[in-house]
Structures are given as structure tokens and as C-alpha cells.
């Protein structure tokens, strides 16, 4: 079905509409063979609070952006190549239900659908697209992924020293290796993580010591793989803190 739609006028028109919704700041999305599989609003668990984001699933990429005017205008476009994506279901807990992790070497995060059926459809379609891409390219699934960041609301004190309390003055930071919320003194060091950035990024002292001694596997966060066992923030939780190295998410 995807091959049949690839060069159809209807598919080209649908992709063009998506391009126009992102405006001049968005990247061009129309290329030969690309098919728009589906779209919808998902709740993305960002560092400060859960936020609604518009997602578009193509046969080779996943695109999402901030909603400015529903169905008409989006900004802050993000494009994720599906070849690098792996997904894992998240157990329902509290206000956050019907969720799964989207994991890539550069960024990993949790999203939540409105219903269990919608979650199942999204996951099935994503897995099918990834499987088809890997089959055609002969590549193997990615076994490296960035840590899922712990939301600000889950940490009132530094998750490494367990002493420093977060205040408007003592700000939260995130280790780019393990995803933990840490204080400034516990994350003063930088380390080059090529899959995430071309320059050294902030990491906590614990991860820095392990990376510096070559014990990289020990530094891999279990956060992503045991996400369903960790406490979840309420949909109404908000933190006023921010990280100057962080994006809008």
C-alpha cells in the first residue's frame, strides 16, 4: 500500500499541506518515495511538564512540532529518522496512560496517546515502518539510545549527591548520559557524546568517572528500560526551573 501511495497526487498534496503548516522555518518534507502514514496529537513528557505536540508519521521519518493553531500552524519542527528509532511500551500509572518510549541515539522521550487503541495503532505503524526500512537497507536495529530525561518535577534534591535542594537559585540540570536531574556542582564536567552533539555536553560526575575509565556500559542509564517502575509526575505538575542548555522541551 505504501508503494502504491508513494507517487500519488493525494499523498503529495497531504505532505505539501504538512510542509505549509510549519511555514518557512520548517524543513522541506516532500521527497520521492516518502509517504504520510498518519498524524495526530500526542502528549509528550517534556522536562518541565507534559505538553501536547502534533506528530506526523511518514514511512521513513517521524516529525513533530508545537501546536500554534490546530490543523493550521505548527512550529519548532523536529525530524527523527525512523531507521534509528526503537519503541517500548510504558505501564499505565496515574494520569499518564497509554504511553510508550521513542528512543534514538540523539534523543529519547515518552509520549502518551488519548486511548489504548490509539497507542496500539501508533506503535504498530511505527514498528512496521522501522521494520520495512531496515529490511530494505539491510541495516540492523540501533542498540544505542540517549537517556530519557527525568522530568524536573520528580526531583526536589539532586539525584546524585542527594543533598542539594533545588530552588530558583540552585537550578536543575540534566546529565546527558544518564538523564538524571542533578545540581550544578555534581555536573560541572563535560564529555563528548558524538551521537548527541559535536561538542562536549554536560554530564554528572558519576557518569564522567565511568566514561573516563572506559566503563561505558556501566554508565548506561536503566531509566529508559525501567521507566514503567519509576514514579510519574501528574499532568498538572509544573517546574519554574529551566536549563540554559536545554531546548524548549
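Backbone N, Cα and C define each Cβ position, glycine as well.
For reference, TrEMBL has these:
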type: DOMAIN; residues: 35-131; note: domain 'PH'
type: DOMAIN; residues: 152-212; note: domain 'FYVE-type'
type: COMPBIAS; residues: 221-233; note: compositional bias 'Polar residues'
type: REGION; residues: 221-249; note: region 'Disordered'
type: COMPBIAS; residues: 238-249; note: compositional bias 'Acidic residues'
Helix, strand, coil residue numbers for the domain 'FYVE-type' (152-212) per DSSP?
14 helix, 10 strand, 37 coil
Using DSSP, break the domain 'PH' (35-131) down into helix, strand and coil residues and give each count.
19 helix, 54 strand, 24 coil
